[in-house]
Amino acid sequence: MKISQVKARQILDSRSNPTIEVDCTLENGIFVRTGVPSGASVGSKEAFELRDNDKKHFFGKGVKMAVNNVNSIIAPEIIGMDVTKQREIDELLISLDGTKDKSNLGANAILGVSLAVCRAASIYANLPLFSYIGGLGANLLPVPFMNIINGGVHANWQGADFQEYMIAPYGAKSFEESYEWGSEIYQSLKSLLKEKRYNVSVGDEGGFVPLVSSNEEPLDLISKAVENVGLSIGRDVGFAIDPASSEFYKDGKYILKNQNLELDSISMIDYYEKIVNDYPVVLLEDGLAEYDWDNWKILNDRLGRNIEIVGDDIFVTNLNIVKKGVLDNIANAVLIKLNQIGTLSETIDVVNFARQHNWGCFVSHRSGETTDSFIADFVVGLGLGHIKTGAPARGERVEKYNQLLRIEEFLSGKSVFAGKSILKKSNGEAQSS
Ligand SMILES: C=C(OP(=O)(O)O)C(=O)O
Ligand SMILES: [Mg+2]
C-alpha cells in the first residue's frame with residue numbers, strides 16, 4: 001500500500017512551544033496523524049531539534065523550517081513508497097538529511113514522519129498499533145511510573161533540586177489497578193499538601209511543586225500520601241527518582257541549592273546510597289551528569305545490583321553511546337526517548353541491543369508533549385515493562401496512560417501486568433522504609 005500524501009504543520013505543545021504535527025494518507029484513504037514532543041533538560045548529544053531563528057515569532061522557537069522540510073523535501077521523496085517498509089523509509093529519511101545528528105532536516109521533522117508511517121501501516125495491516133510494532137505475542141502491560149512531584153528545571157527551580165519524584169505502583173494486579181492507585185495517591189498528596197499549607201500548583205509534567213526544604217522531603221510527603229490511601233510503601237508502591245543531575249552539575253560539583261550543598265561525585269553517590277537505604281527507591285535515572293562518565297561506573301557498582309541505574313542525558317537513545325556504556329558497565333538500563341534519536345527503527349535498534357545485554361529499557365515521554373499516545377503502544381509492543389509519562393493528570397500525560405487502559409481492555413484477560421518483575425532486587429520487593 002502506497003503513501004499518497006504527507007503533510008506537516010506547526011502546532012503548540014503542552015508548554016505553549018511550537019512543535020510539529022504530521023498527517024499521512026495512504027492510497028486507499030487511510031489517514032493518520034502524529035505529534036512530536038520536546039524536552040527541557042536535554043542531553044547535549046541528542047539528535048538536533050530544528051527551530052526557526054526568527055526571533056519575532058515564538059522567541060525564535062518556531063518550527064516552520066522543519067515543517068517546510070517535511071512538506072517540500074521529505075514528502076515528495078516518500079510519496080509512492082510502500083508504507084510497510086518502515087526501515088527502508090527510516091533509512092531514506094536519514095540519508096535525505098545526510099548529517100550525523102539530523103541537523104539538516106531536523107530530528108523533529110524526521111520523527112514525525114517516521115511515526116506517522118508506522119501508525120498508517122498498522123491501520124493498513126488491520127492491527128492495533130502495539131501488535132503491529134511488536135507482533136501478536138505482545139501482551140505485557142507496563143508499570144506506570146508517575147511523576148507526582150516536579151522539581152528542577154520542570155518547576156523553574158522553585159521546588160526541589162531533583163526533577164522527578166515518581167511512584168511505581170508495582171504491587172497492583174493489573175495496569176488498571178496500578179493507574180487507579182496512582183490517581184488516588186496523587187489526590188491524597190494534594191490533600192496532604194493543602195493540609196501542610198504548601199501550594200498545589202503543578203510543574204511541566206503535572207506533578208506538584210511544593211517549596212520543600214530538602215530533596216528527601218518529597219519522599220516523606222509521598223510516603224504519607226501512600227499510607228493515607230491504605231497502601232504500603234515498599235510493598236505496593238516504590239519510588240523512582242530522576243534528579244536530571246546534568247542540570248545542577250557545574251565545574252565538577254553537584255550544586256544542591258535547596259540544602260546549600262556542593263558535592264563531588266563520590267559524595268553525591270553517598271547521598272543517593274543513603275536515600276536508597278532509607279526509602280524504597282527502585283530506579284535512579286541520571287543520578288550523575290552526562291559529563292561524569294567515569295563516576296557512573298562507581299554509581300553502578302555501588303547501587304546497580306539492587307536498583308535500576310538508568311541513563312538518559314548520557315545515552316540519549318543513541319546506539320553507539322549505549323554500546324560504550326555496556327562495554328564500560330556504567331549503568332544497567334537506558335531511557336528510551338524516540339525524539340532523542342529521531343526514527344523508530346533506530347530506537348528499536350537501541351532496545352534490541354540493550355535487551356541482548358540484559359539492560360532494562362525505560363520508555364519515556366518528554367516534558368513538552370502533545371496528546372499523541374504512540375509511546376503507550378510502543379512500550380506494550382516491545383514488552384519493556386515500565387514507562388514514565390508524567391503525573392496521572394493533565395491531558396497530554398493521561399492520554400498515554402489512558403491508551404494503556406484501552407490496550408489492557410482490548411487484550412481482555414490475555415494481558416500480563418509487569419508488576420514486581422521489573423524490580424532488580426532478588427527478593428522481588430523493594431525495601432520498606
Ligand atoms: C522527561 C525528561 O525531561 P525532558 O523531556 O525535559 O528531557 C527527563 O529528563 O527524563
Ligand atoms: Mg531524565
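Here, residue 1 is simply the first one shown, and the rest follow in order.
The backbone N, Cα and C atoms fix where each Cβ goes, and this holds for glycine too.
All annotation found in TrEMBL is predicted automatically rather than curated by experts.
Model, not experiment: these values are computed from the prediction.
Residues annotated as domain 'Enolase N-terminal' in TrEMBL: 3-133.
Residues or ranges marked as domain 'Enolase C-terminal TIM barrel' by TrEMBL: 138-425.
The substrate binding site annotation in TrEMBL covers H154, E164, E285, D312, S364, H365, R366, S367, K388. H154 (substrate binding site) counts 26 other C-beta atoms within 10 Å of its own C-beta, drawing on all protein chains shown. Secondary structure at H154 (substrate binding site), as computed by DSSP, is helix.
A coil conformation is recorded for K337 ((2R)-2-phosphoglycerate binding site) in the three-state DSSP classification, outside any helix or strand. Summarising the environment of K337 ((2R)-2-phosphoglycerate binding site), the number of other Cβ atoms within 10 Å of its Cβ, over all protein chains shown, is 24. Annotation source TrEMBL lists (2R)-2-phosphoglycerate binding site at Q163, K337, R366, S367, K388.
For D242, E285, D312, the entry in TrEMBL reads Mg(2+) binding site. The DSSP secondary structure for D242 (Mg(2+) binding site) is strand. In sequence order, N147, F162, Q163, E164, M166, L284, E285, D286, V310, D312, K388 are the residues near D242 (Mg(2+) binding site), counting only same-chain partners six or more apart with C-beta under 8 A.
Annotated active site, proton acceptor per TrEMBL: K337, in sequence order.
Counting Cβ atoms from all protein chains shown, S367 ((2R)-2-phosphoglycerate binding site) has 25 others lying within 10 Å of its own Cβ. The DSSP breakdown of the domain 'Enolase N-terminal' (3-133), given as helix, strand and coil counts, is 53 helix, 26 strand, 52 coil.
Selection of the binding-site residues H154, Q163, D242, K337 by a Cβ distance under 6 Å from ligand 2 yields, in sequence order, D242.
Checking the binding-site residues D312, K337, K388 against ligand 1 with a 6 Å cutoff on the Cβ atom leaves D312, in sequence order. Looking only at other Cβ atoms within 10 Å, the busiest spot among the binding-site residues Q163, S364 turns out to be Q163. Long-range C-beta contacts of R366 (substrate binding site), restricted to its own chain and to partners at least six residues apart, with a cutoff below 8 Å, comprise P37, S38, G39, K337, N339.
Distance noted between the C-alpha atoms of S367 ((2R)-2-phosphoglycerate binding site) and H154 (substrate binding site) is 7 Å.
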